[in-house]
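Heads up, the thing below is written out as C-alpha cells.
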Amino acid sequence: MTLTLESLPGSSGYLDIYPERKMYYFKNPYVLGLTVVAGIGGLLFGYDTGVISGALLYIKDDFEAVRNSSFLQETIVSMALLGAIAGAAAGGWINDVYGRKKATLLADVVFVLGAVVMAAAPDPYILIAGRFLVGIGVGVASVTAPVYIAESSPSEIRGGLVSTNVLMITGGQFLSYLINLAFTQVPGTWRWMLGVSGVPAVIQFACMLFLPESPRWLFMKGDKSKAISVLSKIYDFPRLEDEIDYLSSQLEEERRKVKNISYLDVFKAKEIRLAFLAGAGLQAFQQFTGINTVMYYSPTIVQMAGFHSNELALLLSLIIAAMNAAGTVLGIYLIDHVGRKKLAISSLSGVIVSLAILSGAFFVGQSGSTNGLDGWIAVIGLALYIAFFAPGMGPVPWTVNSEIYPEAYRGICSGMSATVNWVSNLIVAQTFLSLAEVAGTGPTFLILAGIAVLAVLFVVMYVPETQGLTFEEVERIWKERAWGRDSNTESLLG
C-alpha cells in the first residue's frame, strides 16, 4: 500500500477509508493500562500540590520557627514548585536521551526519596529539602507522562488518553483532601500526610518495570524490533503494517536529519518557534487564568466571602476539588469529539463569566448591604469557574503540548513548556494574596478575567486544531504556517 496524506494511519482520511480500524477509548485494555500506569505520575503531581495546604497547619504546631515565620511557611509550600521547575527543565533532556520509561523510573526514585525525607524531617530545613526533591520528581513526571501516553496512543483517541493523566492530577488533588481529613487525629499527622505520597510512586516504579518504552522513541533510536513488538499490542493487523511502514519511513528519516537537539535549536527553526509559542502560551494561560489560585486558596477565598468556619471552608473546598475531577472526566470525552481549540475557547469563555461573577460578588460585598448574599454568589462563582475550567483548560494545554512537536523536539519542547507552567504556577501562588490585599479581591478577580480574555485571543490566533491528526500532519501545519503552502522544499526541522 502506498501511503499518502489521506491514508496516513490515524488521520481522518485513513479512517474514512478504513472505518473498521478506528480505535475507541475502552477498546484496547493494553493501551488503557499503559495510560493508567503512566498517569500515576499525574496522581503524584496532584497529590503533592494539594496535600501541603492541610499539612502546613500541623507543621506549624510542631515547629515554632515555622509558626513564627511567614517566610518559612511560604518556602515550605513553594519549594516543591521550585523543584518542579528544575525537574521539568531537565526532564525534556532526560526523556530525549534516556527515554520515557527511564525518565519515569527516575522520577519515582527521586519522589520516594523526597517523601521519606519529609516524613522523617527533624527540623523545617530538612523538610524543605524533602519538598524540593519531591518537586523534582513531580517536574520530571509532568513532562514524561503526557509524552509517553501520546506516543503510545492511536491519534483518534490520543486526546482522551492524555487527558486521563489530567484526571489523575485532579484525582490526586481530591485524594490529598481526603488524606488530610483521614490523618487529622493520628499521631505525627503531617508526617503521614506527606510520607504516604511515596506509596503511589513505589507502585508506579514496580509496574513500569514490566511496561515497554514508547514505540516512537524506540524507532527514533533505531530499535525497530522492540518498537514493532510494542505496536503489535496496540494495533490490530493490518493497521499494524501501515503504522510500521509509516513510522519506519518518517522517523528513520528524521533520525538521520537531527542527531542532537539543544535548547537553542528550538528557537532557530521558525516552525518550532511557532509550535513552542503555542504550547508554552497555553501552559502560561492555564495558570494565569487562576486555576491554582482556586485550588491553593479556595478555603481562604471562601472565608474572604464571609464564611468564617474552618470546617465549612474545608468542606466547600473538598466539593470544589471533586467538581474539578468530575469536570476532567467530561473533558476526556469532549477533547476527541469537540476538538482542542473549540474546547479551549468555550472553556475560557465560561471562565471569564465566572471570574466576573466572583469579582462582582466581592465588589458588592464591600458595600455591606447584602445580608450575606454576596458570599453565596462568590461560592457559585467558584463552582462555575471549576465547571468551565476543568473540562477545557485543564486537559487542553497538556494534550496539545504532547502532540504539536516533531519527534526529535518532543521531549525538550515539552520540558520547556512544562517549565513555563511551573514558573507561572509559582508566580500566581506567590502573588495572589498580596495582590488581593493591595488591590482588593474584586479587582484581583477582574484582572484574572482580563487575562482570560487575552487567552481567548491567543488561542484563536496561535493554536491550531490537532484533533485526530497524526504527529506528521501536525508538523505539516507548522511548516505551512512558517513557510506558506508552497514551501515543500523547506526543511521541517530547520
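Using N, Cα and C of the backbone, Cβ positions are placed for all residues, glycine too.
Where the annotation comes from TrEMBL, it is an automatic prediction and has not been curated.
What you see is a predicted model, and the numbers here were worked out from it, not measured in a lab.
Taking Cβ pairs closer than 8 Å, the transmembrane segment (30-59) reaches residues 23, 66, 73, 76-77, 80, 104, 107, 111, 124, 127, 131, 134-135, 137-138, 141-142, 144-145, 148-149, 152-154, 161, 164-177, 179-181, 184, 189-190, 193-194, 197, 200-201, 203-204, 207-208, 211, 233-234, 292, 295-296, 299, 321 in its own chain, all 6 or more past its ends. Annotation source TrEMBL lists transmembrane segment at 30-59 (among others).
Per TrEMBL, domain 'Major facilitator superfamily (MFS) profile' is recorded for 34-467.
If you look up TrEMBL, you'll see 71-93 (among others) marked as transmembrane segment.
Residues 41, 44, 83, 87, 91, 94, 98, 129-138, 140-141, 144, 191-192, 194-198, 201-202, 204-205, 208-209 of the same chain lie 6 or more positions beyond the ends of the transmembrane segment (105-122) yet place their CB under 8 Å from a CB of it. The feature transmembrane segment is assigned by TrEMBL to 105-122 (among others).
The feature transmembrane segment is assigned by TrEMBL to 128-149 (among others).
The annotation transmembrane segment is assigned in TrEMBL to 161-183 (among others).
The transmembrane segment feature in TrEMBL is assigned to 189-211 (among others).
Same-chain residues lying 6+ beyond the ends of the transmembrane segment (274-297) with a Cβ under 8 Å from its Cβ atoms: 49-50, 53, 173, 266-267, 320-321, 324, 344, 348, 351, 355, 382, 385-386, 389, 393-394, 396-397, 400-401, 404-405, 409, 413-414, 416-418, 420-421, 424-425, 427-429, 432-433, 445, 448, 451-452, 454-455, 458-459, 462-464, 478, 481-482. Per TrEMBL, the feature transmembrane segment maps to 274-297 (among others).
Long-range contacts of the transmembrane segment (312-336) within its own chain (CB-CB distance under 8 A, at least 6 residues past either end) are made by residues 25, 50, 156-160, 163-164, 166-167, 169-171, 173-174, 177-178, 181, 294-295, 298-300, 302-303, 343, 379, 382-383, 386-387, 389-392, 394-396, 399, 467-468. Under the heading transmembrane segment, TrEMBL lists 312-336 (among others).
Non-local neighbours of the transmembrane segment (343-364) in the same chain are 282, 285, 289-290, 304-305, 331, 334-335, 370, 373-375, 377-378, 380-382, 384-385, 387-389, 391-393, 396, 440-446, 448-449, 452-453, 455-456, 459-460, 463; each lies 6+ residues outside the stretch with a CB under 8 Å from one of its CB atoms. For 343-364 (among others), the entry in TrEMBL reads transmembrane segment.
Under the heading transmembrane segment, TrEMBL lists 376-400 (among others). Note on the transmembrane segment (376-400): residues 146, 150, 158-159, 162-163, 165-167, 170, 278-279, 282-283, 285-286, 289-291, 294, 298, 301-302, 304-307, 316, 319-320, 323-328, 330-332, 334-335, 340, 343-344, 346-351, 353-355, 357-358, 360-362, 364-365, 421, 455, 463, 466 of its chain, located 6 or more positions outside it, place their CB under 8 angstroms from a CB of the stretch.
Nonlocal intrachain contacts for the transmembrane segment (412-433), taken as residues 6+ away from its ends with a CB within less than 8 angstroms of a stretch CB, comprise 74, 77-78, 81-82, 84-85, 88-93, 95-96, 139, 142-143, 146-147, 261-263, 266, 272, 275-276, 279-280, 282-284, 286-288, 290, 292-293, 296-297, 300, 397, 401-402, 405, 444. The transmembrane segment feature in TrEMBL is assigned to 412-433 (among others).
Annotated transmembrane segment per TrEMBL: 445-463 (among others), in sequence order. Packing against the transmembrane segment (445-463) from elsewhere in the chain are residues 274, 277-278, 281-282, 285, 288-290, 293, 340-341, 344-345, 348-349, 351-352, 355-356, 358-359, 362, 393, 400, 435, 439: each is 6 or more residues past its ends and has a CB under 8 Å from a CB in it.
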- With the cut-off at Cβ under 8 Å and a gap of six or more residues from its ends, the chain residues touching the transmembrane segment (161-183) are 25, 31-32, 35-36, 38-51, 53-55, 145-146, 149-150, 153, 189-190, 192-193, 196, 295, 314, 317-318, 321-322, 324-325, 327-329, 331-332, 335, 390, 394-395, 398-399, 402-403
